[in-house]
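Asks: Below are the structure tokens for one structure; questions will follow.
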Amino acid sequence: MSDSNADAERNDSPATDNHPALLDCCGGLNNVDYSKMDLTLLEAFLKHIHVYDSRLCIAVIAILFNPLFWNVVARWEHRTRRLSGLFGSPYLACCCLGFVIILLNIYRSHSMTVAMKAQARWEVMERTEVFYAGIGLMVFGTLLVVSSFLALGFTGTFLGDYFGILMDEKVTGFPFNITENPMYWGSTANYLGLALIMSFILSSFSHPNRSQQMAAPP
């Protein structure tokens with residue numbers, strides 16, 4: 001066999017590579033053996049959650065219901081103008097919807113607090129760092145929520161555009177220059193911070209020495 005034929009045969013034959021083939025980014029998860037995953041941490045976390053507790057179920061329903069309610073009502077008003085006709089003014093209708101939203105949010109916060117008190121304590125959440133992290137989140141969340149409200153006003157905050165109440169121009173200042181949805185991110189930070197603070201406070205009641213250590217000067 002000539003040298004040119006030998007070279008052609010080597011080029012046509014598949015290259016041998018001792019390195020394992022890389023997993024495809026989309027189909028690679030199909031090759032993972034999930035039975036070998038270490039789920040110890042996840043199992044330890046889930047042990048502290050009473051999934052079937054009625055108070056937790058009520059809190060979850062309140063969390064899901066609130067945004068669904070005001071989005072459905074606002075879109076229905078945008079199509080039909082029924083609320084504006086019922087109250088005789090789009091401003092009055094928007095204010096009434098905003099008042100209902102505030103009441104729903106108060107009940108959501110209450111149901112979350114009740115649900116947290118009913119859940120088991122997790123030792124990790126008893127650290128003072130958790131308490132200060134919760135304070136930091138609530139300060140940051142409150143800053144976003146309050147600044148958003150001041151920038152948009154009452155009707156701008158509570159879906160006034162669905163009632164035909166439009167602002168003169170798009171708000172681009174703080175906090176909308178750092179995120180498109182500061183009200184949602186601020187509310188999320190507030191609820192997460194509240195959860196961390198409540199977890200620490202409840203653990204302090206069950207361990208009085210912890211609250212004394214926190215109050216004692218360094």
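Here the Cβ of each residue, glycine as well, is placed from N, Cα and C on the backbone.
Pulled these from TrEMBL:
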type     : residues               : note
BINDING  : Val139, Phe140, Gly141 : S-adenosyl-L-methionine binding site
INTRAMEM : 54-74                  : intramembrane segment
TOPO_DOM : 1-53                   : topological domain 'Lumenal'
TOPO_DOM : 75-86                  : topological domain 'Lumenal'
TOPO_DOM : 108-134                : topological domain 'Cytoplasmic'
TOPO_DOM : 156-198                : topological domain 'Lumenal'
TOPO_DOM : 205-218                : topological domain 'Cytoplasmic'
TRANSMEM : 56-76                  : transmembrane segment
TRANSMEM : 88-107                 : transmembrane segment
TRANSMEM : 130-163                : transmembrane segment
TRANSMEM : 183-205                : transmembrane segment
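I would like each feature placed in context: is it buried or exposed, what are its neighbours, and how far apart are things?
Replies: Within the same chain, the residues at least 6 positions away from Phe140 (S-adenosyl-L-methionine binding site) whose Cβ sits under 8 Å from its Cβ are Gly186, Ala189, Gly193, listed in sequence order.
Only residues 6 or more beyond the boundaries of the intramembrane segment (54-74), in the same chain, are considered here, and those with a CB under 8 A from a CB of the stretch are 83, 97, 101, 104-105, 107-108, 111-112, 114-115, 118-119, 159, 162.
Across the residues of the topological domain 'Lumenal' (75-86), the predicted structure has a mean pLDDT of 94.
Under DSSP, the residues of the topological domain 'Cytoplasmic' (108-134) split into helix, strand and coil as follows: 22 helix, 0 strand, 5 coil.
Non-local neighbours of the topological domain 'Lumenal' (156-198) in the same chain are 70, 74-75, 77-78, 81, 83-84, 90-91, 93-95, 97-98, 101, 109, 112-113, 116-117, 125, 130-131, 133-145, 147-149; each lies 6+ residues outside the stretch with a CB under 8 Å from one of its CB atoms.
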Asks: Cβ within 8 angstroms of the Cβ centroid of Val139, Phe140, Gly141: which residues besides those meet this for the S-adenosyl-L-methionine site?
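Replies: The surrounding set, listed in chain order, is Gly136, Leu137, Met138, Thr142, Leu143, Leu144, Gly186, Ala189, Asn190, Gly193.
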Asks: How about long-range neighbours of the topological domain 'Lumenal' (75-86): same chain, 6 or more residues beyond its ends, C-beta under 8 Å?
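Replies: For the topological domain 'Lumenal' (75-86), the far contacts come to 93, 96-97, 162-164.
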Asks: DSSP on the topological domain 'Lumenal' (75-86): how many residues come out helix, how many strand, how many coil?
Replies: 11 helix, 0 strand, 1 coil
Asks: So for Gly141 (S-adenosyl-L-methionine binding site), how many other CB atoms are inside 10 Å of its CB?
Replies: 22
Asks: List, in sequence order, the same-chain residues at least six positions removed whose CB sits under 8 Å from that of Val139 (S-adenosyl-L-methionine binding site)?
Replies: Gly193
